[in-house]
Amino acid sequence: MGLMWGLFSVIIASAAQLSLGFAASHLPPMTHLWDFIAALLAFGLDARILLLGLLGYLLSVFCWYKTLHKLALSKAYALLSMSYVLVWIASMVLPGWEGTFSLKALLGVACIMSGLMLIFLPTTKQRY
């Protein structure tokens, strides 16, 4: 059950990260504070996506809290690295994100996935 909550947390946090990235690229920069505030108060699509991203992070924290009650911290914390993989893949697949593929990034993803496999593979008891 803890693994399920952890995966929910990772998926929701990844979607929230993508939402915040979209909002940040479409809203005025915070260096133009009054324009930024005006865009938030207009509550257009960009502001709503920003709010969804923030609410997504809040929901992700709730799922993470549930994860930590059911799963060892050493395993739970390793799950967070899945978010890097999901966001990288989504940035290449989703239109408008212009994520780039590189062998270096693929090697990083392979390292992350290998590490997760090592952590989550069942251990066998050795007999002496």
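Backbone N, Cα and C atoms are what each Cβ position is placed from, and that goes for glycine too.
What Swiss-Prot says about this protein:
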TOPO_DOM  24-35  topological domain 'Periplasmic'
TOPO_DOM  57-76  topological domain 'Cytoplasmic'
TOPO_DOM  122-128  topological domain 'Cytoplasmic'
TRANSMEM  3-23  transmembrane segment
TRANSMEM  36-56  transmembrane segment
TRANSMEM  77-97  transmembrane segment
TRANSMEM  101-121  transmembrane segment
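Using DSSP to sort the residues of the topological domain 'Periplasmic' (24-35) gives these counts of helix, strand and coil: 6 helix, 0 strand, 6 coil. Residues of the topological domain 'Cytoplasmic' (57-76) grouped by DSSP class, helix first, strand second and coil last, total 18 helix, 0 strand, 2 coil. Sequence-distant contacts of the topological domain 'Cytoplasmic' (57-76) (same chain, at least 6 residues past either end, Cβ-Cβ under 8 Å): 1-3, 5-6, 8-10, 12-13, 16, 20, 119-120. Sequence-remote contacts of a segment are chain residues at least 6 beyond its ends whose Cβ falls under 8 Å from one of its Cβ atoms, and for the topological domain 'Periplasmic' (24-35) they are 45-47, 49-50.
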